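Enquirer: Please find one structure pasted underneath; my questions will follow.
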Amino acid sequence: MPPIGLSTSRTTHTKQTNVPKLWLVMVGVNQYQDEYLPNLNYSAIDCQGLSEALTEAATQFTQKIVNVYHDFAPQPPSLTNVRHSLRDITSHVSPIDTILFYFSGHGVVDPTTQEVFLCLVDTQKSNLQNTGLALQEILQILGKSGVQNQLVWLDACHSGGMSLRGVTLQLVELLQQSAAKSKGFYALLSCDNNQQSWEFPELGHGVFTYYLIRGLQGEAVDSQGLIYLDGLYRYVYHQTLQYIDKTNQQLRLINQQKRGKGDTQLYNEYPLQTPKRIVEGVGELILGKRLEKNAPGVYRGLGIVVEGLSNSKITLDISKLLGSTGDFAVEYLPATKTSSEDIKAAIARHWQQPQAELTLLYLRGRIEESEAGEWLRLGEDICIKRSWLKQQLRQCTSQQVIILDCPLGTASLGDWIEDLQIESHHGQCLIACASPPEAPENFAQKFLDTLTASAQGDGLSAAGAIAQLQLSLADSKTPLYVWLSGTQGIIEILTNNTHKSQRTSGLDLGVCPYMGLNAFAEADAAYFYGRETVTQQLIHHLRDNSFLAVIGASGSGKSSVVQAGLIPQLRQGKHIPNSEQWGIKTIRPGVNPLEALARKLGEWGETHLLIEGMLHQGVEGFVYWLRSLPQGVTVLVIDQFEELFTLAPTPDRELFLELLLGAVQYAGDRFKLIITLRADFIAPCLEVPALAEALQVASVLVPPKLSLDDYRRVILHPAQQVGLQVEAELVEVLLRELNQSVGDLPLLEFVLEQLWQQRTAGKLTLQSYQEQLGGIKGALERSCQGVYESLPPQLQECAKWIFLSLTQLGEGTEDTRRRIYKSDLIVKKYPAGLVEQTLNVLTNAKLVVINLEAEIEAQGKSFSPTPPNLSTPFVTVEVAHEILIRHWSTLRWWLEENRDRLRKQRQINHACQLWQQSGKQADFLLQGARLAEAEDIYIYWTDELGADVQEFIGACLAERKHQQLQAKNRLKQAQRAVVALSVLGIASVSFGGLAYWQGREAQFREIAALNSSSQANLLSHQQLAALIASLKAAQQVNHVIAVPNNLKLATVTTLQQALFEMQERNRLEGHKDGVISISISRDGQTIASGSLDKTIKLWSRDGRLFRTLNGHEDAVYSVSFSPDGQTIASGGSDKTIKLWQTSDGTLLKTITGHEQTVNNVYFSPDGKNLASASSDHSIKLWDTTSGQLLMTLTGHSAGVITVRFSPDGQTIAAGSEDKTVKLWHRQDGKLLKTLNGHQDWVNSLSFSPDGKTLASASADKTIKLWRIADGKLVKTLKGHNDSVWDVNFSSDGKAIASASRDNTIKLWNRHGIELETFTGHSGGVYAVNFLPDSNIIASASLDNTIRLWQRPLISPLEVLAGNSGVYAVSFLHDGSIIATAGADGNIQLWHSQDGSLLKTLPGNKAIYGISFTPQGDLIASANADKTVKIWRVRDGKALKTLIGHDNEVNKVNFSPDGKTLASASRDNTVKLWNVSDGKFKKTLKGHTDEVFWVSFSPDGKIIASASADKTIRLWDSFSGNLIKSLPAHNDLVYSVNFNPDGSMLASTSADKTVKLWRSHDGHLLHTFSGHSNVVYSSSFSPDGRYIASASEDKTVKIWQIDGHLLTTLPQHQAGVMSAIFSPDGKTLISGSLDTTTKIWRFDSQQAKTSQMNTLVMSACNWLQDYLNTNPNVTPNEQKLCPS
């Protein structure tokens, strides 16, 4: 902290004399010049700290004049400085002022005169009269000042070898005399007679001044927040006395331990120090007041409380008390809900916090030991070894308090205390206790009582806690083991809270008291509220009955009220006598209820196999076994009783019910049965007579809704249990948003859990609810959808599979949860690793629950601290709550889409189980229609069937074939008497029919396999193979009769997908080693390639190899066509350049001259010269006719890799291994400039056709664009993942192609924005070039191939990148300008032809919608700041801001005449504005949720609006009256637009559909389905024949008006928010959250590619050259497309 040394000028002193001032003279001396005065450690810092505390606290003095003198201040504490300061002050003070003199240092009595002197830095002990500051002098100066209050604070009784100890009688008398003379005198002395001032290193101050500072900082305030001088004295006196007393208490305990070990080196205790005051006439002087500080919470200590036995309320209360009064940041970890890894990580994390003064660890568990060692067990599966814990303690640098609460008794706790001891000056306290079995919470309660007693008093030190615990446990059977070390500082568990202000924020123990989608368990009873009345009803019924049915709707909380309400009450034994001794077990029936029952009952000692055998003996055996149990009464809870009717086989269900109901009847005194049952399953239960009778006797209905008071308890009381606060406003909003429906309770629990995750400083806030969750309605939907959409595509597919598998399809009832074995999810399509990865995400999101109980039972109780293996078949999986099935629309849609198939598939699975249980008897095989269904499933869904089901279907098919063969043989025998010719004819027909059907089934399987192969090849970038496989499938579909519609659709979709994604046009194969270079003749008809195989090959444009040039003795690195195409130049590793005649391959000449490899050759534009670049650091210029060397260009300091001529031939550019590009003048070889910027070799160069730009490719993974005129770097293109080996401009200069060692080619526009990546090469790509006057790119690779590429059939013409996320796009009326807007709040205007940015209209917050006026002069924006803005297009000036909406504005639209502007908002309204003056016209009210979209009809008479309330509303634009409301979709409606003639409306929705409506009567014409996610918007083409839709699935789809899908544009990398046609209908623009806007060419004829024959024709056109010329194409493939 900076030193304070402030003196105020005399002129300032004289001003405002009527205002009381505070004059401070503060002196502190550490270092003395006199060797006979020992130096001190803390006096200077005492002075500094007290000065700052006084300056800050004394706010009632508007003027404070501070004079500070200490070792670190600008002015030293010399006699001259201090004396001058005192005299100067007395000459300027007013009577109403206050003077405070403070001194910290040595005080000495002159032995001759008995005068008291304060020793300053230059005081000489031998000459006190002349060098010391006499106290008498100070008092005289203060007395003459005449001020109202004179304060003298002295800390001058320090130890350190001085002969004087304590305050002498002379000093006291002198101060008393001065007090008597003064009307207002107050002296504070650091100690009394015969005492001395103590300094403690851990305080960093003398103890007296330390508490002066603390008191002024707020701890000495009274109830009004004021600091009185007397109050400050009492605070300092008490705290000083207490601190020394606690220190001595700790030292006594440590010395006691030392004596016990025979150690004689004991610590001395500190004599008492009691500050003294001398006062006269001051009265109640207010010295300061508490300052309100908004500093973030800083905790003194860190605490972890681990509850490892049961969820004891006592340990939770300990955590709350530590957190609320002990300045602790406390984390409470119940072992039942925390993994071993998390507990160990938390302990390790807390030990490594250097800022903590104290770290406290409370572990409640049981000590266990075996031959393998000894550990502390927390819960069932968490084990903490002593060695591990000691290692953690050694890493801790703060004070430590470790408490081991280990009930049930153990002899080894003493060993733990002995082993965990660490000698540390910082301090360590170990406490261990073993409560007896009859009172397992005895120690925890005593510890809590000890904390509670000290919480609001003087605090609690570790030594004090030990003493109190020893006293309170003295008469019990609870042994206590302790250890205490540390001599520097008191280990304070609780600090003094007497003077602390109340905590205003909530606690954050890290415990979520809300269950989310999970049911409450018994361990959660402390947080279970709202069902107290129902719980009492259950207790009442169970008291007098042996059977109890708890019935309620799905989501009503049946399981929770039994587990967290009833069972904990029974275990307490307060309501039913002796119920605490009952044995209680809970099961779910599942698919094998008898086995589940046997496993659970086996926990009482018998093996589950023995019990299962006993159960099969019937009721008599079960009753006998129940009566033999020692616990008296056995309670069996069957949760989700309806599983007996949905999952269990009928024979098992009947036996199970017979056993349990028989036990109720014949052993009712020893057995009680409790079931939870969904209300919609009462009917099947009533069909069982005994069960129906029981239900009528004892059933309790759990109401689906709670009262508002109960809902309030559900919100508030769990939070109070863990110290959380809930804002009152939040509670009221939550209660208001409840719909009073069945699903309210689980949705509320889910929202509360989400709020807990968003908590702030231990508080649940309304702000978090509104900003993060957006309301109860839709919170679950948003959360589920968010988790699903965060998954990569492969995991999304697996998640869909999992959720469908975990849903039990309702048969006249609602769909329900379905619990299955995890192993059942693993099939060929979804292997174990994929399922495991997906389940991890879903379980972490708490959407799915994995149950390990069955597995643990199967393995037996293990003491291994490692977690159970999740891969065993005993692990079950289920959806967290059935509310998820009802409220997640995506899952609902999946279910509706797959319901029939799933039902059939599960029927087949059930038939398979029966077949296996029968020993695979043929009688259980499927036949007829059921077999046909199974066959369809087998053909199309093979990879989703388990191996056992596939075996079953295979056996069914084999049996059918066997029966067909038998039928055929019987037919032959019956026809033997018939004429031979007739017999042969009939047999022929029979054979033909059988063969036909068998062949047809095989063809279907082959088509499906080809489709799968195509998709797999696409994923692995084998595009040609993918298209060929898909073409084969399509050809087969065209030649097979009655292909199932779903197979035909899959084939069309696969072929369409392959065509849309095709990039590779042809593959030229013939080289035997990597291809390094290619060159293309100017007419584009010939391609030359140079290879590591030492050859040059010439290829025709269609891929035919027509000549190989041999002559080089080593690798050919470069080939180049002359401008006229008559000559080819080549260079390579043999250091030569060769010139060849193109027409016949004749070698014209060999040019030598380079001393190392020739890396590149290139002809001048006029063809007269050839430039060569070499590893010998040079570029050489040659005459092409004679081969003579014309010039050598030097300057590069390393090998030259590339050389190029500018288009005008006047400049030569070269790139080198020295990381530079150099430019030379061709005529004289003069070096023009050097371009620096690359970080690695420059591998390739290319001039733009206009010669103004140079592109360079480098091994630093970048391409750079340079302006030739001045050599300035224009742009760096980044995207490749490895060295870039080649770069070239297209002939029109609009595109750039680059080739890289990362196996890819990238296409960029001239602005450096990436347009496309071509992937398929299996080796690094060394060369790339454009075929002249075409959109085909050739590439050469180390994979020995040359490949020809063409951009996909549907690909963007241009990509605009400017906004951070594009929400809206719009065309100017003439199509010349495109406007984009988005998350960054800016509107950007672009030229539609070349994509250049014209201007940016800056904004603040996100813009969700934009609209041009029909005249094109204005543009309006819908803004997140609740406003609408209108801009002038020509200059970008903001003209008006329209204010009126109460929430974000989503959409704006101008009327056709441009006079009215409509805006749609999140405030549920549409507003109309006058454009000319910006005045508000009217509000259209009616929607019940936010309005996303608004549009005018073409005649301007009707306004259409789309809303989150799932409706479209039509309004009269003049009156604002509602014309019609259309219940349009099953989810949020995002947009609605009129077609050009106003006769139709198109709407889009979160239900993933586009719908077409007749506008005059609202009749639904078509529903367009195909998007896989939310559809945000749509637009009509200008001729009204097509609709474009934009979706979160990253695609734009184009539809015919009859609902036929024309094409899909799949290029975006994130959701597409907007897609609109240009006014001329020839282009389409799409704006996406991937930050880009893409401009697409739209040709309606080319786009019409979803008809099979058209697709086949397109595929054949694409493949023609490849099939005709590639040597590796098979003969059958060559016949795929006959001419």
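Backbone N, Cα and C define each Cβ position, glycine as well.
According to Swiss-Prot, the protein has these features:
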type	residues	note
REPEAT	1111-1150	repeat 'WD 2'
REPEAT	1153-1192	repeat 'WD 3'
REPEAT	1195-1236	repeat 'WD 4'
REPEAT	1280-1318	repeat 'WD 5'
REPEAT	1320-1359	repeat 'WD 6'
REPEAT	1361-1400	repeat 'WD 7'
REPEAT	1402-1441	repeat 'WD 8'
REPEAT	1444-1483	repeat 'WD 9'
REPEAT	1486-1525	repeat 'WD 10'
REPEAT	1528-1567	repeat 'WD 11'
REPEAT	1570-1609	repeat 'WD 12'
REPEAT	1611-1650	repeat 'WD 13'
Enquirer: Please give the sequence-distant neighbours of the repeat 'WD 2' (1111-1150): residues at least 6 beyond its ends with Cβ less than 8 Å from one of its Cβ atoms.
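Expert: Hits for the repeat 'WD 2' (1111-1150): 1073, 1076-1083, 1086, 1088-1096, 1098, 1156-1163, 1165-1167, 1170, 1172, 1174, 1182, 1184, 1187.
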Enquirer: Tally the residues of the repeat 'WD 6' (1320-1359) by DSSP class, grouping H, G and I as helix, E and B as strand, and everything else as coil.
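Expert: In the repeat 'WD 6' (1320-1359), the DSSP-based counts are 0 helix, 22 strand, 18 coil.
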Enquirer: Counting a contact as 3 or more Cβ pairs under 8 Å, with residues at least 6 apart in sequence, do the repeat 'WD 6' (1320-1359) and the repeat 'WD 13' (1611-1650) touch?
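Expert: Answer yes, regions in contact.
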Enquirer: Output the single range from 1444-1483, 1570-1609, 1611-1650 maximising the number of Cβ pairs under 8 Å to the repeat 'WD 7' (1361-1400).
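Expert: Answer, by Cβ pair count: 1611-1650.
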Enquirer: For the repeat 'WD 4' (1195-1236), DSSP counts of helix, strand and coil?
Expert: 0 helix, 22 strand, 20 coil
Enquirer: Can you name the far-off residues of the same chain, 6+ from the ends of the repeat 'WD 9' (1444-1483), with a Cβ under 8 Å from a Cβ of it?
Expert: 1408-1415, 1418, 1420-1428, 1430, 1489-1496, 1498-1500, 1503, 1505-1507, 1515, 1517, 1520
Enquirer: Would you mind splitting the repeat 'WD 7' (1361-1400) into helix, strand and coil residue counts from DSSP?
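Expert: Split by secondary structure, the repeat 'WD 7' (1361-1400) comes out as 0 helix, 22 strand, 18 coil.
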Enquirer: Counting by DSSP, what is the helix, strand and coil composition of the repeat 'WD 10' (1486-1525)?
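Expert: Taking each residue of the repeat 'WD 10' (1486-1525) in turn, the totals are 0 helix, 22 strand, 18 coil.
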Enquirer: As a test of reading the model: what is the averaged pLDDT for the repeat 'WD 11' (1528-1567)?
Expert: 92
Enquirer: Give the residue counts of the repeat 'WD 8' (1402-1441) per reduced DSSP state, in the order helix, strand, coil.
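Expert: In the repeat 'WD 8' (1402-1441), the DSSP-based counts are 0 helix, 22 strand, 18 coil.
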Enquirer: Of the residues in the repeat 'WD 5' (1280-1318), how many are helix, strand and coil by DSSP?
Expert: 0 helix, 23 strand, 16 coil
